[in-house]
Structure formats: structure tokens, C-alpha cells
Amino acid sequence: MMPPRLPGGHGGAMRSRSSSSGHHLNTTFHKRRRRRQQHHIGGSHISISHGSYLALLLLSTTCSLVATSASSSSSAANTDIAPPDPPPVSQVSIASSSPCAPQHWWDSQRDRCTPCTRCQGEMIPLRPCQLHTDTICGSIYDLKIDWVVLAKTEPNWKERRKSSEYEHFEHNAPLQHLTHEQLQQLHEEAAAAWVLDWQTGVLYVAVLTCLVFFSVAACILIHHMRQWRRMERRLDQDVEELSTKLMAKLAEVQSLDGGTFFIGNADALRGLPASAATTHPATTQSGIFQPQHVLLPEKRGKHQERRILKTLQPGNVYIEESNAGLGGMGVGLGVRGCSGLKG
């Protein structure tokens, strides 16, 4: 606790600071005195708190030691008074006797090793022979088998069977007995499921076969379509070639009989002289024909040409003649073996 201030101490300090230095010294003395008193009070409180803490710690340790000593003495007295439990006879006998040979188990009633029982006939061992128990025989109907789970084709049927077997061995659950009718019903359900699986497999195979057939047919159809297109292109080319040859033959025949016929590039030959027309007959034959209707000369000229062609021998012969019908222009005629006239 801080000591009470003197009345008018704070105001006197303010006045002393403003009026004289004597009052200032007095106030500083009082301040130092107050600080010393505060430090003295705080140190006494700290020393008192540390002392009380140490006293409480010593008291608690002594109480705990007394309690532990009392509990140990009482437990020792109880153990001295109570007699020890006698060990069981079976454990003493087993510990004193030698271990049994293989395929033998210890019979506690007879106090000796006994050969394990062998299952006869259709009986199967439900539980094998162990050190303290004999073999347990039974039929297949005595087994704990979940036929419904076995009939289903699930991915985790093995795990379920293992878990059920472990639960049976751990908890010693009673064996489930299935009647002949129930077993027959389960077999019928399994057969129906097998038939359904077989039908499903056949359906899958049929669908796969159809898909393969249609895919092969589509490939063959596409191949034949390509072949037909190639044949059509070749046929068009052959038809064009035959048409050009036919037009050339028709021109040869009509030039002999009279009338109109077709020649190639007739406009170009109109302005050429007779010598140029005779020197370029092959080019006019092999070039692309541009159909032009040209009137042949009169019948007198045609008869004269026929007479000349009859007297000619086989070969290419070029004849130049000018008459009024042709208008003074030379025409080159090529004859190949008297078979036709090409211009």
C-alpha cells in the first residue's frame, strides 16, 4: 500500500516548481521515500509467497509418502493371510507328462495320449486333431457353407468366405444344417444361373460375329467401288480414243463417196500454199480434229480422182492439182494402199 499523500501535496509541488527551489527539494525527498517504501513492501510479499510455496510442497510430499507406506503394508498383510490358489489338475498333469507323438492328442480324463480318430466312409473331418481335442467328423451338410454366396459370381466372394470361416472358428457358432430339399433348390438356382451365363456368352459371340461380318462387307464394298471408278475412267478414255479413230475413218470414207466430211484445222490450211499443204499432211492427221464442214469438189473432179486412185499402187501418194472448184488452192491427198483418203 502506498502511504497517503499529504493534503495539498500535488498542488504544493506544482506551486514549488513555479515559485522556489526549496520546495522542489522537499518534494524530491518525499518521492524517494515513497519509492523505498514500495520496494520494501514488494520484497516482503515475494519472500512470503516463496516461503508458503516451499511449506506446501514439503507437506504434500510427506502425505504421499505416508499413503504409499500404508498401502504397501496393507497389501503385504492380505497376501500373508490369503492362501494361494491350487493349480488345476490338468495343468499339473500336462506339465509333468511328456508331449504326445504326432497324430495323438492328450486325453485329460484318461490322463494319457490317445491316437486321433480317423473319419470313415462318407464322413469328412470338420475339425482336425489338436493337442487337447480329438478329430471332429461329420458330413458335408454339417459344414457352414453359404451356397447362395458361392452361386453368385462376385469379385469378393473369396474374402466373404474367409471372413465367415474366421468368425465361425473365433466365436464357436453352431453349425448350420441344410436339408436335402434346400440343397437341391440351391443346386437348381446355380444351374439356372449357369444357363443364364451360357446364354449371355452365346449372345455376345453372335453380336461380335455380326459386327465382324458387317465390317468385312463394308471393306469389300469400298474396294469394289474403287475398282468400278477405275474401270469407268479407263472406259471413258477408251471411248474417247475410239470416237476419234471412228471420226477419222468416217472422214476417209466420205471423202471418197462425196458429200461433207470433217477435217482437222481446216482454217489453218486455207491460207497455206499448195506446197505447204502437201508437206504437212501427217501433222493434220495426228492433230486434234476441229470439225469443219467442207464441201467436196464437183462430181467430174471426184470421178477423175477415183480413176487416178485405181491406177495407183499401194503406198503414200500425194497429188497436187488446181482447178476452178478448189479456187486455185492445192490440196494434199494421202492414200495408204487404196484403202482410204486422209486429208
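Cβ atoms here come from the backbone N, Cα and C positions, even for glycine.
Of the listed cysteines (C100, C119, C129), only C100 is recorded by Swiss-Prot as the disulfide partner of C113. Swiss-Prot tags one of the stretches 60-92, 225-257, 258-290, 291-323 as coiled coil, and that stretch is 225-257. When you check Swiss-Prot, the disulphide partner of C116 from the set C119, C129 turns out to be C129. Taking C100, C113, C129 as the disulfide-bonded residues under consideration, the smallest Cα distance to C119 (disulfide bond) is found for C129.
Break the repeat 'TNFR-Cys' (99-137) down by DSSP state and the numbers are 0 helix, 14 strand, 25 coil. Rounded to a whole value, the Cα-Cα separation of C100 (disulfide bond) and C129 (disulfide bond) is 12 Å.
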